[in-house]
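**Student:** Below is a structure I'd like to ask you about.
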Ligand code: F6P
């Protein structure tokens with residue numbers, strides 16, 4: 001007979017991915033299967049919890065079809081937030097309020113699916129809980145397309161975004177070849193200060209495609225003059241040039257290239273500037289200085305939620321990390337994040353483990369220098385060997401009337 005457990009709450013935080021709801025299902029199903037009484041969902045993460053905006057997930061997930069739909073639904077079903085908790089010594093009131101709300105709901109287990117900012121929330125809540133003798137257990141479930149979380153081999157969300165980027169980069173390259181005329185296409189890819197996602201553009205280089213001509217990651221300072229010279233050099237050899245550029249590239253003095261445009265002011269609660277406009281800025285500069293036809297394509301939010309092209313490896317692991325978090329918390333763990341540990345590349349074998357969240361929160365894992373070529377304008381074969389297993393296989397969407405069908409949350413006021 002299964003043991004009866006206390007109540008569970010789960011939230012989603014930070015930027016969305018194509019598979020974050022698979023982790024939500026992993027938490028929900030594992031918790032229910034292992035005896036949790038009620039599994040609540042926070043609407044818009046900790047920010048919604050502060051206003052007691054929660055739902056009972058069993059009112060939302062009623063059938064096996066709902067489970068399959070939710071797994072395949074992109075973006076955060078419960079809604080998300082970018083909300084930074086103060087340091088515990090700075091403001092106890094907000095913690096008192098959160099624990100009061102959790103105690104009223106008889107919560108014993110708290111799960112937060114997110115990236116390094118979200119792990120900061122788990123770290124602070126678990127510290128407060130221990131300091132104040134609460135029995136609530138706090139666990140982090142990793143997620144981010146940026147793949148910049150420390151300690152884990154990779155993060156759920158990354159493989160699917162990388163698969164999409166590799167695929168559409170191939171299509172952009174094909175498109176650029178259509179006219180017998182010089183042209184430059186600059187592709188701007190997310191990932192903030194880490195180049196994991198931008199490096200995925202190199203997947204396009206394969207038997208039937210020569211791949212992008214250059215790839216610039218934020219790990220290497222960006223020299224605009226050198227970049228212009230390289231474009232000119234490439235145009236001596238070929239007409240259509242395609243370059244992948246990370247949204248987070250910076251010039252030598254530390255400024256983001258997109259800041260040179262002076263048109264982005266938005267900064268979130270964690271102090272992250274919205275990065276956009278890098279490709280546009282560089283494309284305009286090429287057009288102005290050379291007269292060449294240019295096109296700037298910002299993949300932007302398209303690359304985060306392309307659930308029609310998820311990696312089966314990724315969506316399966318997203319489910320597993322949710323389940324592993326529940327198992328660990330039910331066994332008494334707190335203040336930890338689930339990590340993925342790669343056992344081998346070929347065959348690809350990866351297992352879950354848990355890791356101290358204090359050693360993960362707010363740390364950005366960058367692409368190692370040796371996985372970037374010497375010239376700083378492409379990734380190496382080692383990078384691709386690391387990435388390729390993560391994009392393998394597909395999970396077909398459930399199609400209705402020619403389009404993928406999603407499960408949406410009727411309680412989420414923004415929907
Ligand atoms: O953290 C994931 C991410 O998609 C980054 O790659 C990107 O810089 C950021 O989120 C954008 O965040 P927002 O959706 O809050 O503008």
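Residue numbering: from 1, along the chain as shown.
For all residues, glycine too, the Cβ spot is worked out from N, Cα and C.
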**Student:** Among 90, 93, 106, 247, which residue does TrEMBL annotate as binding substrate together with 144, 145, 146, 190, 191, 192?
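**Tutor:** Answer per TrEMBL: 247.
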**Student:** Setting 144, 145, 146, 190, 191, 192, 247 aside, what same-chain residues sit with their Cβ within 8 Å of the center of the Cβ atoms that define the substrate site, listed in sequence order?
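**Tutor:** After dropping the recorded site residues, what remains is 15, 147, 148, 189, 194, 196, 197, 248.
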**Student:** Over the residue list 144, 145, 146, 190, 191, 192, 247, recorded for substrate, what is the maximum interresidue Cα distance in Å?
**Tutor:** 16
**Student:** I'd like to verify something. Among the recorded positions 116, 143, 191, which ones have a C-beta closer than 6 angstroms to some atom of ligand 1?
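**Tutor:** Checking each Cβ against ligand 1, the ones under 6 Å are 191.
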**Student:** Including all protein chains shown, what's the count of other C-beta atoms within 10 A of the C-beta of residue 116 (Mg(2+) binding site)?
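**Tutor:** The answer is 24.
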**Student:** Based on Cα distances to residue 145 (substrate binding site), point out the closest of the recorded positions 15, 116, 117.
**Tutor:** 15
**Student:** Among the binding-site residues 15, 191, which residue has the largest number of other Cβ atoms within 10 Å of its own Cβ?
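**Tutor:** It comes out as 191.
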